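Peer 1: Let me give you the structure first, and then I'll get to my questions.
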Amino acid sequence: MSNISLIVGLGNPGSEYAQTRHNAGFWFVEQLADKYGITLKNDPKFHGISGRGNIEGHDVRLLLPMTYMNRSGQSVVPFSKFYQIAPEAILIAHDELDMNPGVIRLKTGGGHGGHNGLRDIVPHIGPNFHRLRIGIGHPGSKERVSGHVLGKAPSSEQSLMDGAIDHALSKVKLLVQGQVPQAMNQINAYKPA
């Protein structure tokens, strides 16, 4: 099992999107950078913000695409190819409509599941990367999805998402050590307090 050496957070750039549900992947990577003292800097070559640092003795790169969600592949694909990072060593954190706030799941492989950020990545690097799916809940009807993902969660939901992200942050050490099955068991067993 590969050690995770690239952790990507999906979201939209700009202060107007910073607190929206669609930016849950950004929240995860930004908090990970804070936890491990990794500086995130503008990286125009790869249309993103990136950083490199030591996580539990392992060299890890972080990436936030600044391309807007549905063009995430324009950042992730050239970045991973330039640094020769195999899909199996990539973790992509993203919001997940089909899971309630407070639910978080680590998954390996699969399709894009309707997620526009993943939809732009899978055709280029294949499906074999790992996904950290951060539940944001579904608004109930397809017509309301856009407003939901681009809206800000009420504080009760936000605290559930924050708790799930905190839990996943504590398991990153397993991921960078290549202990993906153990990380999956521990992350997927999470229940909000």
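Easy rule for this one: first residue shown is 1, then count along the chain.
Every residue gets a Cβ built from N, Cα and C, even glycine.
Residues or ranges marked as site 'Discriminates between blocked and unblocked aminoacyl-tRNA' by Swiss-Prot: ASN12. According to Swiss-Prot, the tRNA binding site annotation covers TYR17, TYR68, ASN70, ASN116. Look at Swiss-Prot and you will find HIS22 tagged as active site, proton acceptor. The site 'Stabilizes the basic form of H active site to accept a proton' feature in Swiss-Prot is assigned to ASP95; the stated evidence is sequence analysis.
In terms of burial and nearby residues, how do these features look in this structure?
Peer 2: Shown in sequence order, THR20, HIS22, ASN23, TYR68, MET69, LEU150 are the residues of the chain, 6+ apart in sequence, with a C-beta less than 8 angstroms from the C-beta of ASN12 (site 'Discriminates between blocked and unblocked aminoacyl-tRNA').
Every protein chain considered, the tally of other Cβ atoms within 10 Å of the Cβ of ASN116 (tRNA binding site) stands at 16. Secondary structure from DSSP puts ASN116 (tRNA binding site) in a helix.
In this view, HIS22 (active site, proton acceptor) is surrounded by 23 other Cβ atoms within 10 Å of its Cβ, with every protein chain counted. Under DSSP, HIS22 (active site, proton acceptor) is assigned to a helix (H, G or I) in the three-state scheme.
Proximity of ASP95 (site 'Stabilizes the basic form of H active site to accept a proton') to non-local residues of its own chain (separation of 6 or more, Cβ distance below 8 Å) is seen for LEU10, ARG21, HIS22, ASN23, ALA24, GLY25, HIS115, ILE134, ILE136, VAL149, given in sequence order.
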Peer 1: Name the secondary structure element type, per DSSP in three states, that contains ASP95 (site 'Stabilizes the basic form of H active site to accept a proton').
Peer 2: strand
Peer 1: Ten-angstrom check, please: count other Cβ atoms within 10 Å of the Cβ of TYR68 (tRNA binding site), all chains counted.
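Peer 2: I get 17 for this one.
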Peer 1: Using Cβ-Cβ distances, find the residues under 8 Å from TYR17 (tRNA binding site) that belong to the same chain and are at least 6 apart in sequence, listing them in sequence order.
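Peer 2: Set apart from TYR17 (tRNA binding site) by at least 6 residues yet with Cβ under 8 Å, we have GLY11, ASN23, LEU150.
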